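Some notes on the structure that comes next.
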């Protein structure tokens, strides 16, 4: 039997047959599809919605969408840095710029002529931001940080086929910046974070280059030392890690000494050790709640020496003194767990990301400073973890997002309410600390499991051989 001739706008569709009554004149008894869709006339709303949703999902999975998200969020954060409440760019425009101008005019070079709270290389980006003059210092700083983030974002996406894990890691990074807020761009830490992310991504394939990047970042802000320690424990080429770190650090110190730094080259160690208990520190929770319940012998005051708000009261100085030894003990303990896992035969990808995360969180939890920008450190190990295994690192990624959100709620918008120990904001800070403890617990469990699973596989292999 001859087939009914179809109009140009008609199309066969693989729909489930619907033998209900159909409009007269459409189709015939031999059509494959009992009901045909007509473009522009017969397409149902459900089909249109499904097509639109599918197209939107494809767009979100594209590089164009990721770069659009990256650009929009950085523009939004930059505008908040300039016009948002709480002066979130204050450290850059008020403090960093004054240091850079002092050096430019020959008055004083921080870390060389005088002791400084930061390692010596932190002065490099602060000086670069003067490229277009002091008036544009803040804008130049934001452009510099955005360019660094963009370079690392491009490397994260890669040049070949965009994998699902890298796409999720990239979207998570964008969301993390949104949750953390303008402090994600307005501190010296934000220069070290993209460098550390790149070092982590290259740690397995280019360990020497990765170590060099992490060492440079460490001489801007100390925290990448935790990642270097994790790399030295996890990598089979740990000798390269030690050699690169030691040689590059020695070169930086020699150049500093030649510039006339003397002991100021390592003055940041003493400067950090001499700090009091800052109001955002995890240790501060106990005294903040005392203020909430009405204790009059505890309070918050501003330190003009290091430009931060610190606590005063019974036991505060003791807690500040014990913070650094506690940090050392916790770090050594976690490194010991990492060595156990390595000796059990744990693979690099199974051990390195959680070990790096553990050590970074340890620096945050046992830190007597606890500045809001410290949360930006978490981006590096979480991004690596999502690239390695999205499903496995979903929990720490969610916890880190919650930590970032708690941070932005307090700083910069309602920071003054925390300084006056308002109960709601003390509770938010407490919640942030609880999430950090949960993140550390997850990391320790993962490091332990990496060693345990490797030991079980080793025993099973020996049993098969015997």
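Indices start at 1 and increase along the chain as displayed.
Every residue gets a Cβ built from N, Cα and C, even glycine.
Just so you know, TrEMBL annotations never went through curation; they're auto-generated.
Looking at 111-134, 135-158, the stretch flagged in TrEMBL as transmembrane segment turns out to be 135-158. As annotated in TrEMBL, transmembrane segment covers the listed stretch 65-85 rather than the other ranges in 23-43, 44-64, 65-85, 86-106. Highlighted: of the candidate stretches 135-158, 209-232, 239-259, 319-339, 209-232 has the greatest count of Cβ pairs under 8 Å to the transmembrane segment (170-203).
If you look at the transmembrane segment (319-339) against the transmembrane segment (65-85), you find fewer than three C-beta pairs under 8 angstroms, all six or more positions apart, and that falls short of contact. Pairs of Cβ atoms less than 8 Å apart link the transmembrane segment (135-158) most often to 65-85, out of 65-85, 209-232, 393-414.
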